Amino acid sequence: MKKTQRKEIENVTNITGVRQIELWRRDDLQHPRLDEVAEEVPVALVYNGISHVVMMASPKDLEYFALGFSLSEGIIESPRDIFGMDVVPSCNGLEVQIELSSRRFMGLKERRRALAGRTGCGVCGVEQLNDIGKPVQPLPFTQTFDLNKLDDALRHLNDFQPVGRLTGCTHAAAWMLPSGELVGGHEDVGRHVALDKLLGRRSQEGESWQQGAVLVSSRASYEMVQKSAMCGVEILFAVSAATTLAVEVAERCNLTLVGFCKPGRATVYTHPQRLSN
C-alpha cells in the first residue's frame with residue numbers, strides 16, 4: 001500500500017484561525033481534497049516576565065482572552081490593574097506579555113501555579129483539589145429575563161462563529177440583551193477561552209453585566225459558572241447540559257443557570273426567580 005503524507009497548505013482564507021490542509025473522505029480514499037481546519041496554538045500568559053499559564057486556543061482576540069482570564073481567575077479586579085499588554089510569537093506558539101500593577105503581581109506570586117492545559121482546561125496544574133474553587137461573592141438579583149427572547153438568540157449564535165461555520169470546530173460565547181439580541185460574541189476552540197474573550201471584551205469596554213445574560217454554545221462546567229460569577233454575570237445560558245459541580249457553584253453564588261437551551265426548550269437548574277415566560 002502506498003504511503004501518503006499529510007500535506008499542509010498555506011492559509012489562503014481571510015479568516016484568522018483557519019488553515020487549509022489536504023485530507024481524504026471516507027467515500028473517496030484515493031483522491032485527497034483541501035478542506036479548512038481550525039488552528040489551535042499554545043498561548044502563554046506571561047505576567048511581569050513570569051509565565052503563569054499555557055492554554056490551547058484559537059490565535060485571535062488574545063488580548064481579550066488575557067484580560068478576561070485575568071479577571072475571571074481573580075488575578076486582577078479591574079482592567080486598570082493591567083498597565084500594558086503585547087502579543088508576541090514564541091518558539092512553539094504565542095505569548096501574551098502582561099504588565100501587572102505591583103500590588104496585583106505580588107498577589108499573583110503568592111498563589112502562582114504552573115499550568116499547562118489541554119484545550120480550554122482550567123483545572124490542569126492545580127496542586128490541590130481545594131485550590132479549584134475560588135471565593136465568589138453572592139450575586140445580587142437585579143433583573144428578570146423573558147425566556148421567550150431566547151429562541152431568536154439561539155438562531156443567531158453561529159453568526160459569531162465564522163471559523164466554526166467553516167470547520168465545525170469552535171465554541172461561541174455571546175452577550176444577550178434582554179431583547180434577545182446578541183452582541184459582542186467570540187469563538188474559540190476552547191469553550192473556557194471563548195468565554196474569557198467575551199468577559200475581557202465587555203470589561204474593557206466598561207459594559208454592565210446587569211442587563212442581559214451570557215449564552216454559550218457548549219455545556220456548562222463549574223468553571224464556566226465560576227468565571228461568569230467572578231465578573232458579575234447573573235444569568236448563564238448553555239446549549240448543552242450542566243454538571244453537578246456547576247449547579248452547586250451556581251446555587252451557592254446566586255447565579256441563574258440554564259441548560260439544554262434549544263428553541264422552545266430550556267432546563268433551569270438554579271434561581272428561576274430571575275426568569276419569566
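Glycine too: its Cβ is placed from the backbone N, Cα and C atoms.
Look at Swiss-Prot and you will find CYS121 tagged as active site, cysteine persulfide intermediate. Residues or ranges marked as Mo-bis(molybdopterin guanine dinucleotide) binding site by Swiss-Prot on the basis of sequence analysis: PHE260, CYS261, LYS262, PRO263, GLY264, ARG265.
Apart from the site residues PHE260, CYS261, LYS262, PRO263, GLY264, ARG265, the chain places the Cβ of LEU150, ASP151, LEU154, ALA266 no farther than 8 Å from the centroid of the site's Cβ atoms, the recorded Mo-bis(molybdopterin guanine dinucleotide) location.
On its own chain, PHE260 (Mo-bis(molybdopterin guanine dinucleotide) binding site) has ALA238, VAL239, SER240, ALA241, ALA266, THR267 as residues at least 6 apart in sequence with a Cβ closer than 8 Å to its own Cβ. Within its own chain, CYS261 (Mo-bis(molybdopterin guanine dinucleotide) binding site) has LEU150, LEU154, LEU215, PHE237, ALA238, VAL239 as residues 6 or more apart in sequence whose C-beta sits under 8 angstroms from its own. Taken residue by residue with DSSP, PRO263 (Mo-bis(molybdopterin guanine dinucleotide) binding site) is part of neither helix nor strand, so it is coil.
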